[in-house]
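Beneath this line is the structure, given in structure tokens, with notes to follow.
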Amino acid sequence: MKKFFGFRTAKVRSTPTLDMELMNDLRASVHKEEVTETQPRYNIRVKELKKIHKVAVMDNIFKMQRLLLRGKNVNKRDKRKRTPLHLACTIGHADMVDFLVERKCKLDLYDGDYRTPLMKAVQYQEEACVAILLEHGANPHLTDKFGNTALHYAVAGENTSIVEKLILFHANIEARNKVEFTPFLLAVIENNHEMVELLIRKKADVHVVDKFKRTALMLAAPSTSPDVVRLLLQQGVNTSSRDERGWTAGDYALFSGFDGNHQTIAKHTEERLKNFSQNNNPVANKTSEEDSLSSISVKPGDDNASWPTSDDEDLSFNMKNTPKPNLRKLMNASQLFKKLEIELGLLSPGDKTLSEHDNSEKQM
């Protein structure tokens, strides 16, 4: 899963750490969470559980039935507020989930991390459990402490099948978390071309911006793969938009050292402006049929030929005439990226950034 970071600004109190904390929460570092020695899920010790929770973990429906007949609470919580349903969904015990649901357990209770059983099932890609919960009315709109919905978790898990199922059950495709990432923006950050395509087909808003006014194209620009950048350009996203720092998508690509993406964005911008200029050519706006026919027959050297006005010439500028980036600014930006990567644990002080690595390869 691709890691990313945001930007510090004077106007915004949120820091890159919020972005990373949110993303790490979505990722759910499985290697740190254990249910038993053979089930790398929740961080619990079976010996510390109440009997009803142990039975859910062990997937023993017969014993669960006996406990409920004795009057045990099907929604009983452990020390971390996890219900038997949370545990069964996390481990993927679909039969146990089905049994608990049929016994009218509550579907949308939060655990100590503010996650519902549906979120846990999605987080660990237990599709059968997801289906059971949705079919019995689990709420896909609830959010965790970072504002993430089950759909955010499904996108982060790169599971298109679960994403489609959630959308089928009316999950909000435009739901925003605390940094205003929609599932679509999250898919872009993940550089997941297949997921981005799917969400576009499902009518996700491709022009949405996050809390820092970053567009999808800005988030895609610092990427080693150009596929998502090209896909977004095909959708007609605005290449001239600026975030709260005043940066464009082209700036993001350039300052991150991804020259290919920068050139792709610049070429697309130039072509669109050229087409705009041609579409506004007076020749194309003749009102009479006679004038239209004569404009078609114009030959090279014809004195009657119509030429663009000075306004059109201004619109049809060449990208080569744009001001060159300040070298000191570029170097400072590169150092900013590296500092943030070190701060967020993405690099150690001796490591190179992606752009530095690319430059060293070019010199070899």
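Glycine is no exception: its Cβ is also placed from the backbone N, Cα and C atoms.
All TrEMBL annotations are machine predictions without curation.
Keep in mind it's a predicted model, so treat the numbers as computed, not measured.
Here's what TrEMBL has on this protein:
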type	residues	note
REPEAT	80-112	repeat 'ANK'
REPEAT	113-145	repeat 'ANK'
REPEAT	146-178	repeat 'ANK'
REPEAT	179-211	repeat 'ANK'
REPEAT	212-244	repeat 'ANK'
COMPBIAS	275-286	compositional bias 'Polar residues'
REGION	275-326	region 'Disordered'
Same-chain residues near the repeat 'ANK' (113-145), Cβ under 8 Å, at least 6 residues beyond its ends: 25-26, 28, 30, 41, 80, 83, 85-86, 88-94, 97-98, 101, 107, 151, 153-154, 157, 159, 161-162, 165-166, 169-172, 175, 177
Composition by DSSP (helix, strand, coil) of residues within the repeat 'ANK' (146-178): 16 helix, 0 strand, 17 coil
For the repeat 'ANK' (80-112), the mean pLDDT of the predicted model: 97
